[in-house]
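Database features (TrEMBL):
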BINDING   GLY227, CYS228, THR229, GLY230, SER231, GLY232, LYS233, GLY234  ATP binding site
DOMAIN    211-391  domain 'FtsK'
TRANSMEM  33-66  transmembrane segment
Amino acid sequence: MNGPARHHAGRATRPPGREVQAAAWLLRHPGFALVPLLGLGLAATLGPLGAGLTVAAAVAAVLVWWRVHPATFDRFAAPRLRSSWRRWTVYRGRRWAQLMSDTGLTREHRHTGDQLVPRVLRVRSSSPSIDTVYVRMVRGQDVAYWQEKASVLWEALIAHRVAITRHRPGVVAIVIEWELPFTRTIPAPDIPETVDDVDLRALEIGDNEHGQPFTASVVDGHRLVAGCTGSGKGSVLWGTLRSLGPCLRDGVARVWMVDLKGGVETEQGAPLFHRYATTMGEALELLTEFRDAMRDRQDWMRDNNIRRCTPSVETPVELLVIDEMAMLTAYGDRAAVRDALRLLAEIMTQGRASLFTVQGYLQEPSKDVLDVRELFTQRICLAVTAASHVDMVLGEGARERGALADEIPGDDRHAGVGFVIDHGSRLPVRFRAAFVTDDDIAELVQRCAPRDAQVIELTGDRGAA
Ligand SMILES: Nc1ncnc2c1ncn2[C@@H]1O[C@H](COP(=O)(O)OP(=O)(O)OP(=O)(O)O)[C@@H](O)[C@H]1O
């Protein structure tokens, strides 16, 4: 009856031999065997000089790519190279074991007394300042246990923020934000002088964490912006309109504004709008008019055999902006909400080629918004109040890949900070919207209000129709 070996037949009381451990390690990290083998293979076929030249040429090609085309390099090559680099410099061997031990995340084997260290399975470095480390927990731990230790881990790593989620049974994903790359408030984008200075596919609304302009299109689809109160949605909205300024002035783009918060925040910009609605009744009228205008343009395109419109005074970009979208799609009278959702779905599925696009701003993503979520091709998540909101807005797995939007503190240092998913790499990219003040809005109105504006009067009953 004595001794663990008799209690647990088949379970060893001593670890496997070192050679077995080494073979298992190599199987888990095939690159370590394959790279030297490839080197030897090259040397055998091309000779040492040929092999050296081939490797040098490969390194040179990567360097040339890095220098010549930073945008594609940062998008495709950098995350992979960075992930490998971090894996073997930060989350490796003894250093990792020490970190786990110091933070109380190791366990002693009951029988052998060995330290069991959670194993790093994979590192994904989506940006220079965000890593996701996938770790197999040791037996007896669960995700709640790890989450309890998150703050200890955070302090030990000297990181900006750490969040832990369950990836799959036995495996946790640790998202580590190393630093906040935005140290200052970014001033509002300049209003371009002329329509020719405006790139409708890349309107500047802030900076991304790579230090490049954060841009957004108003012609390639629809945009959803989610963020809790005070997160900086206003900056994204007004930043877009500032970058679009001359197009509004000259009638190459027109804004149809729906603000069911009574127009408090958008009233200042009313002279810029082609149509303006602040009650549910007005909003439905506006949506219907927008939809009908879209149908008319589609008919015109069909008659003239045009597959895609070019923005011009004759065929302007028609931009439907909905501030606090949930008031339209979730909280209003049920029949009105149903009508609004039906009109929106029609506009969003058909509007793109005829230049009818939608931008929805939202405080709290709800189930009703999810019905049309997939129709938004660009989704932006500023600070939100719940972890589940991040995936609701950006798509499943976004938070685990690094989009910790629910962890963005609600203070002025972080206002305007958010995440988007890069279309090419599918990785989250952090950005900060430029701050558009009331004076910046006033300047925009003064310089860019359209000459032939026919704004709906701000009268009538307010609230739900
Ligand atoms: N891009 C930014 N950079 C720095 N600070 C900002 C930025 N955007 C907003 N702020 C600060 O955050 C405050 C709240 O911003 P804003 O009103 O745009 O938030 P919001 O998301 O529109 O909130 P609500 O949904 O309540 O209207 C601003 O008064 C300003 O102090």
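A Cβ is built for glycine as well, from the same backbone N, Cα and C atoms used for every other residue.
In TrEMBL, annotation is done automatically, which means it is predicted and not curated.
Keep in mind the model is a prediction, meaning the values are calculated, not measured.
For the recorded ATP site, residues GLY227, CYS228, THR229, GLY230, SER231, GLY232, LYS233, GLY234 set the reference point as the centre of their Cβ atoms, and the other residues of that chain within 8 Å of it by Cβ are GLN363, LEU382, ALA383, ALA415. All protein chains included, GLY232 (ATP binding site) registers 25 other Cβ atoms within 10 Å of its own Cβ. Each of the binding-site residues GLY230, GLY234 was scored by how many other Cβ atoms lie within 10 Å of its Cβ, and the smallest score goes to GLY230. Proximity to ligand 1 (Cβ under 6 Å from any of its atoms) holds for these binding-site residues out of CYS228, SER231, LYS233, GLY234: SER231, LYS233, GLY234. Each of the binding-site residues THR229, SER231 was scored by how many other Cβ atoms lie within 10 Å of its Cβ, and the smallest score goes to THR229.
Proximity of LYS233 (ATP binding site) to non-local residues of its own chain (separation of 6 or more, Cβ distance below 8 Å) is seen for VAL225, GLY227, ASP323, TYR361, GLN363, LEU382, given in sequence order. With a 10 A radius on its CB, GLY227 (ATP binding site) counts 30 other CB atoms from all the protein chains. Long-range Cβ proximity for CYS228 (ATP binding site), meaning a same-chain Cβ under 8 A and a gap of 6 or more residues, is found for GLN363, GLU364, LEU382, ALA383, VAL384, THR385, GLY410.
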